[in-house]
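Q: Would you mind keeping the following structure in view while I ask a few things?
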Amino acid sequence: MTNVLWLQGGACSGNTMSFLNAEEPTVCDLISDFGINVLWHPSLGLELGNNLQTLLWDCILGKVPLDILVFEGSVVNAPNGTGEWNRFADRPMKDWLIDLAQAASFIVAVGDCATWGGIPAMSPNPSESQGLQFLKRQEGGFLGKDFRAKSGLPVINIPGCPAHPDWITQILVAIATGRIGDIALDELNRPQTFFNTFTQTGCTRNVHFAYKATTAEFGQRKGCLFYDLGCRGPMTHSSCNRILWNRVSSKTRAGMPCLGCTEPEFPFFDLKPGTVFKTQTVMGVPKELPPGVNKKDYALLTMVAKDAAPPWAEEDFFTV
Amino acid sequence: MGKQTLDISPVGRVEGDLDVRVEIADGYVVNAWTHAELFRGFEIILRGKDPQAGLIVTPRICGICGGSHLTSASWALDTAWGTEVPRNAILARNLGQIVETIQSIPRYFYGLFAIDLTNKNYRSSRFYDEAVRRFSAFTGKSYELGVTISAKPVEIYALLGGQWPHSSYMVPGGVMCAPTLTDITRAWAILEYFRTNWLEPVWLGCSLERYEEIQTYDDFMNWLDEDIKHRESDLGFYWRMGLDIGLDKYGAGVGRYVTWGYLAHEDRYQKPTIEGRNAAMIMKSGVYDSFTDTHTLMDQSFARENLTHSWYDEGTTDIHPSDRTTKPIANNTKDFDNAYSWASAVLHKDFGRLEAGPLARQLVAGGNHGESWQHHDGFILDVFKKMGGANIHVRQLARLHEIVKLYRQAEHCLREFKLNDPWYIKPTEKDGKGWGATEAARGALCHWVDIEGGKIKNYQVIAPGTWNIGPRDGQDKRGPIEEALVGTPIEDPTDPVEVGHVARSFDSCLVCTVHAHDAKTGEELARFRTA
Ligand code: SF4
Ligand code: SF4
């Protein structure tokens, strides 16, 4: 039996909704087949009011073993560090978190808000939100840089807005089945198994990327979304085109530019005027290039690619 | 007997954690306060940002009805920019919105509402054992199937937008996608799967066609009697058990109802304007006043907000929502005579407080106002009148009744797509004011955007939860859920499941959590609950 307590801070429930879309295993399978016991969850839990408060104290005092604390949503510190703008079960959520974090064997942050602060922490961050162990790319966050859960691991970060259901279920199962030791974390404490590759890996528009053929406008059946529409697929660590969304698709497959939501900088450029769904360029060259590619090589590559491009690269590709 | 005050924290959440205070006398709630306990300040975040920032930010206001926020955000920009939206795009937006709501019905019913029917309160009901078999959390037969299959409809959303939740595929001027034969065929197959594996056999116990013959309360009762399959379907079973345990006896509310109308007509709203919206919706907008039995049209200019009892420093007079400045106060202590919630009190300038949600939509659907070609359905209005007004049970029925109509609308979208016609017409960005609205699964939702100097000057949202969860207004009148709580019988103050029933019957964005179970259901769960 692995006890899971799932709480939400400054959250929209998007990660919960995403989690409920899980299919292999489903949320019910987690419980019946993998020995996961949901102590409580804001949408699915059984207790309310005092009964829940008692359960939370039992976890803190060790009367009920807390194997995994899952946190969704940002840690709200407003106003002035008191956390009173997000009270939960009659206390600032952040106070519950401090106590529960000491009691938990593993802590899993799901979604951008819990990992980096997410949309609530966007400037001017009115709710003084933080992620559990990061604020944007800056290490530390609410629990501090050196925090380790009882298991010795830092907060396991599963970013994404929302996190993909399979990313969540696989990590929960890995912990429940004693496999978590096999999992390597990257420098942002993300499981590498999901975040070592790029969104672009597996994107059906890859061939257009290679030939520099662009989707100039939305609603087109050709081209790559990188050159005009601001796709962050080449720069974003995610498995969205490998572990498909809702089993059937991904943003870029459907024609929507990747927003880079698994990276701490999401939403990029703080959504300043002129930055939404538009590639930022300097003299026609994208300002940001795939990691490790330098500007000179890129210019050369562009020339070659354009020269080499077959005619079909500019024609409708995904036709009816 | 004296009065007893019960503070229930938490009751539920989304759009802010929800807490409830009730005063109980002689076993009944005599007064109630609802308070939202989370402030994230999305309106503040959006100020000064790119005009299209709302397309990315507002779906994240609520991950449960993010597609509805996206719809409102896009139509708001469409009206501000004066775009042209191709019919394919209107259908693609509608389809996304429809499947989000279809998803929400089983997920909400089994995941959030029906588990309460296994509460020990109802042990003496003859339906109890069966309710436990069907609706127990995680392990109930219908629970497991219903919650699992709720993931299916949003696969269609993903075919259009790449993922659900939180895609931003709707944009001013249309949509980002241009689905192909593969996507459309899959979408049909997913709909069919949903119908043949749950909707017909488990939910209705009959074909959609048979269910669609129901036009009145009597028709519904005849349908129940007609076949054991109807009686034993989850809908039939729920209806009978609800009556048995008295869900038709409490939870009335304010007696006036609002909907913005939704699903833009693919041929009538290609040049969207704020003024032209009402006549262009398939599901009409309106206000139903049950005290005078009259229907009128709803307009964005009729909306008001009052902040007397909310934690904002913006005065105490009623103002139009687009005039708000969103100034949170630092000290949010609970003061039940003054401010006690992050939600605001939303009003209609003439009718005052209104209930939003599926019941509101269906009561308005029964009106003869609006355009002759708009959707009309008098079933729920008839049930409402025969039952003598609102209660938990009719509110549920309204919600559940919608699924068949929405299913048909989804088919319509798929049939009407012309795959080689445009999906997007690039608009010219400009300054201006826009308004976009729709109906989220749980009620009226709208966005106002004001763009000046190429950036957002003001962005304001009225979510369904705000109509329903709102605190008292400037005249100290209770909000819809507060009002609905008054008169609620409380059998066991240590486990006030009835409060949960009322709150959740609004299906507000309260992903509520009022639950308890007795030794019997506890045993069912014991396998999983001991460490
Ligand atoms: S659309 Fe985006 S993810 Fe796909 S190939 Fe182009 S840049 Fe890469
Ligand atoms: S495609 Fe990009 S924006 Fe979309 S979920 Fe994946 S990482 Fe996030």
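Here the Cβ of each residue, glycine as well, is placed from N, Cα and C on the backbone.
These figures come from a predicted structure and were not determined experimentally.
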Q: Return the residue out of A:Cys203, A:Cys240 that TrEMBL annotates for the same [4Fe-4S] cluster 2 site as A:Cys224, A:Cys231.
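A: TrEMBL names A:Cys203 for this [4Fe-4S] cluster 2 site.
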Q: Write down the one residue from A:Cys12, A:Cys258 that TrEMBL lists together with A:Cys113, A:Cys161 as binding [4Fe-4S] cluster 1.
A: A:Cys12
Q: State the count of C-beta atoms found within 10 angstroms of the C-beta of A:Cys231 ([4Fe-4S] cluster 2 binding site), not counting that atom itself.
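A: Result for A:Cys231 ([4Fe-4S] cluster 2 binding site): 28 neighbouring Cβ atoms inside 10 Å.
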Q: For the C-alpha pair, I'd like the distance in angstrom between A:Cys113 ([4Fe-4S] cluster 1 binding site) and A:Cys261 ([3Fe-4S] cluster binding site), rounded off.
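A: Cα of A:Cys113 ([4Fe-4S] cluster 1 binding site) to Cα of A:Cys261 ([3Fe-4S] cluster binding site) measures 11 Å after rounding.
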Q: Which site among A:Cys12, A:Cys203, A:Cys261 has the most other CB atoms no more than 10 Å from its CB, taking these as binding-site residues?
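A: In terms of Cβ crowding, the pick is A:Cys12.
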Q: Given a separation of at least six residues and a C-beta threshold under 8 Å, show me what packs close to A:Cys224 ([4Fe-4S] cluster 2 binding site) in the same chain.
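A: Within the chain, A:Cys224 ([4Fe-4S] cluster 2 binding site) has Cβ neighbours under 8 Å at A:Arg205, A:Asn206, A:His208, A:Phe209, A:Lys212, A:Ala213, A:Thr214, A:Thr215, A:Cys231.
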Q: Listed binding-site residues: A:Cys12, A:Cys224, A:Cys240. Which have a CB under 6 angstroms from an atom of ligand 2?
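A: The ones that qualify, in sequence order, are A:Cys240.
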Q: Kindly point out which of the binding-site residues A:Cys161, A:Cys224, A:Cys231, A:Cys240 have a C-beta less than 6 Å from some atom of ligand 1.
A: A:Cys224, A:Cys231
Q: Near chain B: which of the binding-site residues A:Cys12, A:Cys161, A:Cys224, A:Cys258 have their Cβ closer than 8 Å to one of its Cβ atoms?
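A: Listed binding-site residues meeting the cut-off: A:Cys12, A:Cys161.
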